[in-house]
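*Asks:* Pulled the feature table from Swiss-Prot, pasting it below:
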type	residues	note
TOPO_DOM	1-4	topological domain 'Cytoplasmic'
TRANSMEM	5-25	transmembrane segment
TOPO_DOM	26-78	topological domain 'Lumenal'
TRANSMEM	79-99	transmembrane segment
TOPO_DOM	100-110	topological domain 'Cytoplasmic'
TRANSMEM	111-131	transmembrane segment
TRANSMEM	133-149	transmembrane segment
TOPO_DOM	150-160	topological domain 'Cytoplasmic'
TRANSMEM	161-181	transmembrane segment
TOPO_DOM	182-193	topological domain 'Lumenal'
TRANSMEM	194-214	transmembrane segment
TOPO_DOM	215-266	topological domain 'Cytoplasmic'
TRANSMEM	267-287	transmembrane segment
TOPO_DOM	288-310	topological domain 'Lumenal'
TRANSMEM	311-331	transmembrane segment
TRANSMEM	335-355	transmembrane segment
TOPO_DOM	356-361	topological domain 'Lumenal'
TRANSMEM	362-382	transmembrane segment
TOPO_DOM	383-403	topological domain 'Cytoplasmic'
């Protein structure tokens with residue numbers, strides 16, 4: 001690690017400390033809390049675990065029990081904010097892995113700028129210091145890719161299986177990862193290709209099923225229903241960025257049981273898109289391109305998801321530095337794209353403010369139109385990303401080593 005990278009790491013740590021301390025101050029002195037509402041759910045679920053009970057005794061806890069186990073120290077040491085410190089550590093480690101992978105592909109100066117997109121990103125910092133657990137998943141995914149690049153497929157598979165156990169969505173990465181491994185080992189013969197694929201596949205499956213079986217043995221069907229099955233029929237009535245939100249809300253309002261039939265089919269266009277974008281790795285089956293494909297694939301997944309909040313943006317922001325390291329998009333067009341992405345968010349947030357803090361009924365047309373604008377913008381951005389990723393790039397040192 002160079003002096004500049006040490007400086008960036010220290011600065012990013014200090015900024016997070018500042019956000020963390022300000023959050024504690026805001027919680028104590030302002031009506032609007034800094035702490036994420038989900039953190040209270042994690043904290044309460046951890047209390048039940050600490051008392052020898054099920055985390056699902058806490059209403060609205062819809063996650064793996066491992067997450068509640070992670071916050072048990074909150075109650076052991078008697079400090080409410082300790083879990084946030086844990087999430088910030090995962091956040092920083094994620095940034096360090098990004099730094100490691102970027103340094104193998106581009107110049108140090110450019111890498112330093114791109115690393116800052118994660119390490120000094122106020123959105124990323126806010127999400128982890130507010131007590132959102134996305135940094136844990138991001139760290140697991142980055143470690144998966146780190147060991148994948150080194151061809152340590154068993155370890156990569158274990159971490160990948162753990163990632164899917166934490167949240168289902170990383171399973172979409174299996175297609176581009178399989179394509180990368182298949183082509184990465186093409187010079188070593190079909191037997192090596194098959195062995196490598198079986199290695200990561202079996203280690204992933206064993207870890208995923210092992211974690212699932214262990215949690216099922218401890219917490220029973222409640223674990224399966226709350227951690228996994230719930231998300232298949234989920235209809236989130238709370239306002240969020242998704243264009244599906246209003247449609248699902250209106251559809252469920254017409255049903256006696258409050259469930260939406262539309263919710264069952266909302267994932268179809270999303271599934272088709274992630275399958276197609278995942279196959280973009282065939283276009284250029286290198287490790288650098290794999291990281292770019294994962295960005296595009298995750299962007300498509302979040303854009304078409306039936307629930308979309310700011311924390312979901314972190315899912316693809318971990319790949320943004322890698323995408324930008326090989327992009328052909330000029331700075332003027334890039335600035336326009338960023339402005340549209342931020343601007344349409346701002347329009348939606350203004351409507352959300354009127355609804356949540358002023359109690360105004362802006363569901364329609366205000367909030368709905370804002371969601372449509374954000375969705376259309378993201379669809380256009382997705383098209384630009386796909387077009388850009390199909391342009392051939394020169395192989396880097398890291399790709400030559402892999403091949």
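Just so it is clear, glycine is given a Cβ too, placed from its N, Cα and C backbone atoms.
Show me how these features fit into the structure around them.
*Replies:* DSSP places the residues of the topological domain 'Cytoplasmic' (1-4) in helix, strand and coil in these numbers: 2 helix, 0 strand, 2 coil.
Same-chain neighbours of the transmembrane segment (5-25): 34-35, 81, 84-85, 88, 91-92, 95-96, 99, 108, 112, 115-116, 119-120, 125-126, 128-130, counting only residues six or more beyond its ends whose CB sits under 8 Å from a CB of the stretch.
Model confidence over the topological domain 'Lumenal' (26-78) stands at 96, taken as the mean pLDDT rounded to a whole number.
Remote same-chain residues near the topological domain 'Cytoplasmic' (150-160) are listed as 140, 143-144, 170, 173, 177, 181, 184, 196, 199-204, 206-207, 402 (criterion: CB distance under 8 Å, separation of at least six residues from the stretch ends).
Packing against the topological domain 'Lumenal' (288-310) from elsewhere in the chain are residues 101, 105, 123, 127, 145, 169, 172-173, 176-177, 180, 234-236, 240-242, 244-245, 248, 263, 266-267, 269-270, 273-274, 277-278, 280-281, 316, 319-320, 322-323, 325-326, 375, 378-379, 381-382, 385-386, 389, 393, 396, 398-399: each is 6 or more residues past its ends and has a CB under 8 Å from a CB in it.
Cβ atoms under 8 Å from those of the transmembrane segment (335-355) belong to residues 239, 241, 329, 361-363, 366-367, 370-371, 373-374, 377-378, 380-381, 384 of the same chain, restricted to positions at least 6 beyond its ends.
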*Asks:* May I ask which of the stretches 79-99, 311-331, 362-382 has the most CB pairs under 8 A with the transmembrane segment (111-131)?
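*Replies:* It is 79-99 that shares the most Cβ pairs under 8 Å with the transmembrane segment (111-131).
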*Asks:* Sequence-remote contacts (6 or more beyond its ends) of the transmembrane segment (79-99), Cβ cut-off under 8 Å?
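*Replies:* Apart from its flanks, the transmembrane segment (79-99) reaches 1, 5, 8-9, 12-13, 16, 20, 23-24, 35, 39, 42-43, 46, 70-71, 73, 111, 115, 118-119, 124-125, 128-133, 135-136, 138-139, 142-143, 145-146, 318, 321-322.
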